[in-house]
Amino acid sequence: MIFPQYPVFSDTCATVFSGFIALSVLRLWEETAKRGLFDQKLNRKLVHISIGLVFMLCWPLFSSGYRGAVLAAVTPGVNIIRMFLIGSGIWKDEAAVKSMSRYGDYRELLKGPLYYAATITLACALYWRTSPIAIAAICNLCAGDGTADIVGRRFGGWKLPYNKNKSIAGSVAMATAGFFTSVGFMYYFSYFGYIDKSVEIVLGFLVVSVASALVESLPISTELDDNLTVTLTSILVGSLVF
């Protein structure tokens, strides 16, 4: 906590600070999209990978109780509203559209980006930093799913026999990135005393990451949106193994 002797004020400050950090990272990627520094698909996935993980790095700033979890969830919660306003055409933000959409259509923000913000909000508010489920859900959504697309586009020559739109390299990269990022955050939160380090939790992360990669590779994930299917799989499998 920033000010342990004033918990409400401390959580409020943490909310403002984490919101500022997340917005700064988002603005960075919007600027790179505007300047065309990266391919649009790559830029979108860099947003996908970084925002949720940077937000999780700010969790130790909050108190351990339910108030801390709810106030922490305000940051992605505000982004839900932002995605809705931009995706509905009420708020014009071409930089945001370019950095987070596949084809430059503002209405795309009502799908993947909106689901992304909503799932991070729920994982934060419902499970919080003491639960490996929250870690697994966000890490597989951000690091796993984002890395799968980047690696799959570059090294995706060998396609999966049951889904020609997905590659073996992408699925392996997703499971690997989701797993190692989850383990990294386990060590990060254990340093603050929020969660215990154990072989059982590490093995649980491995099971969740493999299951998430498997579900992401299925054709249904494309139809429903993998921001939903990956997170739901992480939460469901995580509830069974943790």
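Placed from the backbone N, Cα and C atoms, the Cβ positions cover glycine too.
Quick look at what TrEMBL annotates:
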type     : residues : note
TRANSMEM : 6-26     : transmembrane segment
TRANSMEM : 46-62    : transmembrane segment
TRANSMEM : 68-91    : transmembrane segment
TRANSMEM : 112-128  : transmembrane segment
TRANSMEM : 168-189  : transmembrane segment
TRANSMEM : 201-220  : transmembrane segment
With the transmembrane segment (201-220) as the reference, which stretch in 46-62, 68-91, 168-189 has the largest tally of C-beta pairs below 8 Å? 168-189
Which of 6-26, 46-62, 112-128 contacts the transmembrane segment (68-91) most, counting Cβ pairs under 8 Å: 112-128
Residues of the same chain, at least six outside the transmembrane segment (46-62), with any C-beta under 8 angstroms of its C-beta? 1-2, 10-11, 13-15, 17-18, 21-22, 25-26, 29, 32, 38, 68-69, 71-72, 75-76, 99-100, 116, 120, 124, 128-129, 135, 138-139, 141-143, 145-147, 149, 181, 185, 188-189, 192, 194
